[in-house]
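Chemist: Just dropping this structure here.
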């Protein structure tokens, strides 16, 4: 976008706003460009479409600015607009619009963007006029490439000396040349894709080769193992060629046998320890059994027979030993069950069944009295 300064009032104005500023500032006769400093009298500012950049301004004498592709296309587009204004078959409304468009340096080159730009910048909302303007542009753009092709064609057909030489060249060389030309024409992306595909193919081929080699190496090993197994089953000795493999298999078997023997020994030791621990526990429990009162004869209830358990007698004996013939249910239960396990050889009943029997014996027997969490012996 080009900016000007008014020489009369000194205000900076955009190129689009110059006409509005002239109607306000009556003494405005000359405008000077802010970037390049040139003076423009009257309507000469309309031809000043583009100015130098800051790099060109402050770059020095030897500076050469880079030409951008977009700028070249934009300049060609604006030139096309100025050529369309000179056409005789253009309506006056469209011509006025084209003159306004030529003052801008950022005219879009696609239909949708061009029409939106016309609506926003030039305030033209009539779609028929917009379509007319765009049709003129499209006709001009389509006619240009045809003219260029006609100019590029030679007037007289010139004999091609390479054609005669190519007929003598063999077909293989011609194919190579065509392939080389095709490779040159390809983009960087296509080349990259081809390289990646080649790498993938090479990797797949290497994997297949490695897999085949591994399978070949594994097959003879399996056969050797099968032969050894057959020979061992038949009672024959393994040949000297396969002696190392046979020794390994024998060593493995010996190790397995020794490991199984050790496990058996360890298991037997553990069982012995458990049995000894059980015996010591039973002895301790027998020591804790209630003793007979001094000078008195033992009661029939307190001497249970081996194998059967006397619930009533054991409970009575434990309560007699307790102070005031009274003990908590928890302690009583613990002592009674301990006595039960020592007396009975085989534990056929579960702990839940034993607890049910214990509760029945306490609650239903009149000699025992329950006081909250305690049991008392009634004399």
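Heads up, the Cβ atoms here are built off N, Cα and C, so glycines get one too.
Computed from a predicted structure; not experimentally measured.
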Chemist: Which one of 215, 258 shows up in Swiss-Prot with the note phosphoserine?
Modeler: 215
Chemist: Please identify the range among 85-129, 175-219 that Swiss-Prot labels coiled coil.
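Modeler: Range annotated as coiled coil by Swiss-Prot: 175-219.
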Chemist: Which residue does Swiss-Prot record as SUMO2 cross-link, given the choices 14, 50, 73, 361?
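Modeler: Record annotation (Swiss-Prot, SUMO2 cross-link): 14.
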Chemist: Out of 143, 244, 260, 282, which one does Swiss-Prot list as phosphoserine?
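Modeler: Cross-referencing 143, 244, 260, 282 with Swiss-Prot, phosphoserine lands on 244.
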Chemist: Look up zinc finger in Swiss-Prot and report which of 28-52, 303-327 it refers to.
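Modeler: Within the set 28-52, 303-327, Swiss-Prot attaches zinc finger to 28-52.
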Chemist: Including all protein chains displayed, how many Cβ atoms other than that of residue 25 (Zn(2+) 1 binding site) lie within 10 Å of its Cβ?
Modeler: 14
Chemist: Drop a 10 Å sphere on every Cβ of the recorded positions 21, 207 and tell me which sphere holds the fewest other Cβ atoms.
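Modeler: Each of the recorded positions 21, 207 was scored by Cβ atoms within 10 Å; lowest is 207.
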Chemist: So which other residues, same chain and not among 6, 9, 21, 25, have a Cβ within 8 Å of the centroid of the Cβ atoms at the Zn(2+) 1 site?
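Modeler: Close Cβ neighbours, site residues excluded: 8, 10, 11, 13, 22, 24, 27, 28.
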Chemist: Can you grab the distance from residue 6 (Zn(2+) 1 binding site) over to residue 14 (SUMO2 cross-link)? Cα atoms, rounded to a whole Å.
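Modeler: Cα-Cα distance, residue 6 (Zn(2+) 1 binding site) to residue 14 (SUMO2 cross-link): 11 Å.
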Chemist: Under a criterion of Cβ-Cβ distance under 8 Å and sequence separation of at least 6, what residues of the same chain contact residue 9 (Zn(2+) 1 binding site)?
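Modeler: The list for residue 9 (Zn(2+) 1 binding site) reads 25, 27, 28, given in order along the sequence.
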Chemist: List the Cα distance (Å, whole number) between residue 21 (Zn(2+) 1 binding site) and residue 14 (SUMO2 cross-link).
Modeler: 10
